[in-house]
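Notes to accompany the following structure.
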Amino acid sequence: MIQEQLEVCVNVEIAKDTFEMKLKGEMEQLVDQPGRFIHIKIGDGSFHMLRRPISIADVDKENHTITLVYKVTGKGTEWLSERVAGDKVDALGPGGQGFEITEVKNEKILVIGGGVGVPPLYHLTKELVENNDVTVILGFQSKEAVFYEKEFNQFGDRVQTLVVTDDGSYGEKGLVTDIASEFSQDSTRYFTCGPLPMLKAVKNQLVEIPGHISLEERMGCGIGACFACVCHSTNESGYVKVCKDGPVFSSNEVIL
Amino acid sequence: MKLNVNLGELSLKNPVMPASGCFGFGKEFSEFYDLNQLGAIVIKAATGEPRYGNETPRVAETAAGMLNAIGLQNPGVDGIIERELPFLESLDTPVIANVAGSTIEEYVMVAEKLSNVSTIEAIELNISCPNVKEGGIQFGTDPEVAQELTKEIKRVSGKPLFVKLSPNVADIVGMAKAVEHAGADGLSMINTLTGMRIDPHTKKPILANGTGGLSGPAIKPVAIRMIHQVRQITDLPIIGMGGITTTEDILEFILAGADAIAVGTANFQDPLVCKNLIDQLPNTLRKYGYESLQEVREARCTQVSI
Ligand SMILES: Cc1cc2nc3c(=O)[nH]c(=O)nc-3n(C[C@H](O)[C@H](O)[C@H](O)COP(=O)(O)OP(=O)(O)OC[C@H]3O[C@@H](n4cnc5c(N)ncnc54)[C@H](O)[C@@H]3O)c2cc1C
Ligand SMILES: Cc1cc2nc3c(=O)[nH]c(=O)nc-3n(C[C@H](O)[C@H](O)[C@H](O)COP(=O)(O)O)c2cc1C
Ligand code: FES
């Protein structure tokens, strides 16, 4: 993990209040698996004491950029949305443990994302498709919140992408779990990231197959020192730290 | 420039240390720099048994600060001695253990165990954690209780004892006098101020615990005032803390009466902050016309009566 001033190359709105940002620097080379995050300082830090964790949505090895997709939900992400090309962003990263997929081969995989849980699953799917068949189910609140459908479709025949919206304004109406049940029989494994109620529902529904869940928790340090981001666990100590042991956990390791 | 300071028996190569609870047990930060550069390291609070702490969310941001309600999560004193202290053993920098508990017996047991470990060079008595409800004993706000606890710890521990005072009291001077009288070798000040935030959407507190401890630059003036007040009545060494992020802040704390300082919340914003402060301190002191830390201490602000 390093601290680096990353240079903003692109920062555009790709859906309602949702931005895609590309950041250039050395850090990209340290991203060894999908699902890790960077911890971003807001402003000069004198007003906002806490960094904001944002998942790495993709890396571009050629141009040395890290892609983030984030939703403006408060002051921190609002500040981020105001950065323009050439600005510098103070980042700590890459943080945590991502999706462990080196052993995952010739499988039928279910990837389930909700809202801003979708971004890390893009990088994941890009890596999974090299050796596996993938069904991607993306859930959003409404049509205007949908992003990255086209990008997922570009992965070719081995990836099938389905979109659902809560209000039915785009794709099928319903929740990701409504669709996931259709595929649970055929799948060998699932990966998921999204809001906690969704993760709980997915975990309860797909008990038969191994699952990998990416969690979110409010963070202090983001490096494992402060115990702000813990989650109950089935391991010996009874807890895991989302920032250091996660954000990705196997489904039977965490108690949601 | 010589930056070394003596806090009674404890000698530090410089006055900068990370504050308890904001630095874990050091391992994470050792990825960023050599911890031997630090004046000392104050490790996370130890309790008798392992503790899970409060439910999440445990942190929330405030203007120039943060609230935390970690709830003293830690692996318990035995777990700390077994699994965390070996890493710190090889360091050439004093390690100060922060001790917490819900009963006098628990405090005494934890302090005694840690005092018997050679890696630990001093004890910091955390009588001021606002996030732990059980026990009901007001260690940090009742001078008599604080006095009794300090006495009991002194009985079992031969290590220098710093009592960490809570700012959540009307009479900080009374608290300082009480623990000095009971044999404290030094004071740490201040711990966090109890605070609260409410989410306008849900109308509920943001922290699962309801309230939490406020830290960061927002509390610096309170720390400066309290250290200044306490310095008028005691010669005990004081480790000052509360919102330190710059070398100018350090200068201000020493002018108020601190001998060394601890950096808490700022470590979250910048994991290299302690190292950078140590590197930059000589320049800042020179900028304000000082040739040594001793000169700053002698220039201490003593005029104001409050
Ligand atoms: C590992 C991880 C990966 C994430 N990846 C993404 C991503 O790819 N895209 C995206 O849009 N969002 C992501 N989030 C959520 C994102 O961190 C929050 O939306 C953001 O911190 C909100 O900050 P704010 O200042 O805009 O909002 P405010 O509500 O003003 O935030 C105030 C405080 O709350 C914290 N906070 C608020 N919401 C969250 C949250 N959901 N999780 C953690 N901390 C929070 C902030 O860090 C800050 O300290 C991720 C969170 C985690 C933990
Ligand atoms: C997340 C967090 C955890 C803390 N845990 C402890 C602790 O275990 N023991 C203790 O004495 N103080 C604890 N503190 C208080 C700090 O050591 C320090 O006194 C306080 O935060 C003020 O300094 P600051 O403004 O530089 O953070 C904690 C503070 C924070 C923010
Ligand atoms: S945010 Fe500090 S331990 Fe995870």
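The backbone N, Cα and C atoms fix where each Cβ goes, and this holds for glycine too.
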Which of B:Lys44, B:Lys151, B:Lys154, B:Lys220 belongs with B:Asn68, B:Ala69, B:Ile70, B:Gly71, B:Leu72, B:Asn126, B:Asn191, B:Thr192 in the substrate site listed by TrEMBL: B:Lys44
Maximum Cα-Cα separation in Å among residues B:Lys44, B:Asn68, B:Ala69, B:Ile70, B:Gly71, B:Leu72, B:Asn126, B:Asn191, B:Thr192, which the record lists as binding substrate: 16
Position of peak Cβ density within 10 Å, selected from the binding-site residues B:Gly71, B:Gly242, B:Gly264: B:Gly242
Which of B:Ala45, B:Ala69, B:Ile190, the listed binding-site residues, has fewest other Cβ atoms within 10 Å: B:Ala45
Cα-Cα distance maximum in Å, computed over every pair in B:Ser20, B:Lys44, B:Ala45, B:Asn98, B:Asn126, B:Lys164, B:Ile190, B:Gly216, B:Gly242, B:Gly243, B:Gly264, B:Thr265 that the record assigns to FMN: 19
Which of B:Ser20, B:Asn126, the listed binding-site residues, has fewest other Cβ atoms within 10 Å: B:Ser20
